[in-house]
Every structure is written in C-alpha cells, then in structure tokens.
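A short worksheet on the structure shown next.
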C-alpha cells in the first residue's frame, strides 16, 4: 500500500511538474552563494529564475510552553534570525547557514517579549560547521554545532533533546517548530514559537518535487496537499520524530506550504558520529 501511495504521488507530481514547465515556471535549486534578505534571514541565489528561501511554521499553532525546553532562540544586533536545539549543557545544534559573527543564544524562552525566571543567555565559545571549523557555506552539509561559553542548567523550561538512535522511517509523524513566519508570502513573525505536525516523505516523492536536488544527507518533510510547512525564520530549528531530533530546518520554496513542495531538512542521523565525536572532545 505504501508503494502504491508513493507511485500515485509521483504521478501527480510529474503531471504537476510538467504543467509548471509548460507555464514557463523554472525548477528551484540551491548553491553556495548566500544573500542576506531584508528580513534578516538568508536566501539562496539559484542559477535559475526562482529563488529558494531559507526556511520558515505554516499551518500550525502555538507550541505548549512545556513542549520545547530544548528550543533555542538565536539573535544578534539586527534581531532574531534562526532557532537551534540544545543537545546537552554546553552544545547547541543548528544550520550552518545560520552562522553569524555576533550570535547570542537565549534558552528557556517562549514569548520573546516576556522575561522568564529561568531564562539563560549565552554566546558561542566555538562553532563547527559543515564538518569543518573553517567552512560554513557548503549547502550540501547545512549543519553547525555551537559550543556555549558556559554550561546551562536544566530547569522547568530548559532541557536537552535526544539525538537519534536510528534513522527516521519514511512516513513517520514528526513535529517541526520555531519562531518563523506564520503567513506567506506576507511575513508575520509570532511572539511565541509555533508547532506543526508533518510527515517524513519518501525519497522518490522528494526527488520528483526537486529533480535537481542531491538526496545526500537530507530529508523532505511536509504534507503533499500543502498547508503545513516550516517557513522564513524557522531555519536551524528541529524536526522531531518520536522524541528525537531527526532533522534541521534547512530550505524550501517560497511562498511556503504549497502543493507538492515539501520542506528540506538536514538529516541529523547521517552526522551522528561527527556530532558525538565533537561533543566527546574528539
């Protein structure tokens, strides 16, 4: 039944894709050239006419305060730009394209305009991107570890999220969350993080949606009928399946949450040895 569903989805995708080409639309792709948008988030210039926007939560609702103690708010002098995930008392996982010179990290926050008693703020002591300490612009490896300048303490609103013990199953029910825009193409940033439930999509479906995309080290997640997606401002945040971080919000098409256009996530399990080695001091 799963195979039949995948084949049916592929047929729909191919028909839709053929029509889009007939209408003069271009495929989206991404490369290593990063451009800062007016919203303080990164976009990727493509070699084609359509721009891929670094991701953003659509179709969801406010997260319960108690459901995101691992969610980290990344900002600088220009304001909020990304999210991250607390892995232990001194390490945060986010996307490499979220790298900035003056990052600050706020933990234990829900409403960004409210100060919480156990809220803690840190700055990076060390940043490691794309399996290298020197290069943070390889979009095929959109992952970054941030070592905090001092340890954080567990509290009511601060607690790490588990790394994956196995790769995610195709079709798994997962949740993505962040402070990204809740409307698209008009951008509306919420005061509180939003959560939305989506599914890990089969590789053939993902490949049909993005024919030029490399499938290495990435996941596609969303709903094929659209309406639910990560979006502008959600970059670096977690895709959570069965209580473990399986993905990092990376990129997608804009406007978000469109029919047959799922979001793209860095596949955390593919980097598990690197992550554990760094955290262990290797």
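For all residues, glycine too, the Cβ spot is worked out from N, Cα and C.
For 1-18, the entry in Swiss-Prot reads signal peptide.
According to Swiss-Prot, the feature N-linked glycosylation site maps to 41 (among others).
Among the features that Swiss-Prot reports, N-linked glycosylation site is placed at 45 (among others).
Summarising the annotation, Swiss-Prot assigns domain 'Peptidase S1' to 57-280 and lists sequence analysis as the type of evidence.
Under the heading disulfide bond, Swiss-Prot lists 63-195 (among others). According to its DSSP assignment, residue 195 (disulfide bond) is in a strand.
Following the DSSP three-state reduction, the secondary structure of residue 98 (disulfide bond) is helix. Taken from Swiss-Prot, the feature disulfide bond applies to 82-98 (among others).
The active site, charge relay system annotation in Swiss-Prot covers 97 (among others). Every protein chain considered, the tally of other Cβ atoms within 10 Å of the Cβ of residue 97 (active site, charge relay system) stands at 28.
What Swiss-Prot records for 135 (among others) is N-linked glycosylation site.
Marked as active site, charge relay system by Swiss-Prot: 142 (among others). Around residue 142 (active site, charge relay system), taking its Cβ as the centre, 28 other Cβ atoms fall within 10 Å, counting all chains. According to DSSP, residue 142 (active site, charge relay system) sits in a coil region rather than a helix or strand.
Residues or ranges marked as N-linked glycosylation site in Swiss-Prot (evidence: sequence analysis): 149 (among others). In sequence order, 122, 123, 124, 125 make up the list of same-chain residues 6 or more apart from residue 149 (N-linked glycosylation site) whose Cβ falls under 8 Å from its Cβ.
Contacts of residue 153 (N-linked glycosylation site) defined by a Cβ separation under 8 A and a same-chain sequence distance of 6+ are given as 89, 120, in order along the sequence. In this structure, residue 153 (N-linked glycosylation site) belongs to neither helix nor strand by DSSP; it is coil. The N-linked glycosylation site annotation in Swiss-Prot covers 153 (among others) and is backed by sequence analysis.
The disulfide bond annotation in Swiss-Prot covers 174-241 (among others), and the record cites sequence analysis as its basis. For residue 174 (disulfide bond), the same-chain residues lying six or more positions away in sequence with a CB closer than 8 A to its CB are 168, 197, 198, 199, 200, 221, 239, 240, 241, 246, 247. Reduced to three states, the DSSP call for residue 174 (disulfide bond) is strand.
The disulfide bond annotation in Swiss-Prot covers 206-220 (among others). Residues within less than 8 Å, Cβ to Cβ, of residue 206 (disulfide bond) and separated from it by at least 6 positions along the same chain comprise 213, 215, 218, 219, 220, 262, 264.
According to Swiss-Prot, the feature disulfide bond maps to 231-256 (among others), an assignment based on sequence analysis.
Taken from Swiss-Prot, the feature active site, charge relay system covers 235 (among others). According to its DSSP assignment, residue 235 (active site, charge relay system) is coil.
In this structure, 256 is the one among the disulfide-bonded residues 82, 256 with the smallest number of other Cβ atoms inside 10 Å of its Cβ. Taking the Cβ of residue 231 (disulfide bond) as centre and 10 Å as the limit, one finds 32 other Cβ atoms among all the protein chains shown. Per-residue confidence over the domain 'Peptidase S1' (57-280) averages 89 (mean pLDDT, predicted model).
In the shown protein chains, 30 other C-beta atoms lie within 10 A of the C-beta of residue 235 (active site, charge relay system). Across the fold, the C-alpha of residue 235 (active site, charge relay system) and the C-alpha of residue 82 (disulfide bond) stand 5 Å from each other. Among the recorded positions listed (63, 82, 98, 142), 82 has its Cα nearest to the Cα of residue 231 (disulfide bond).
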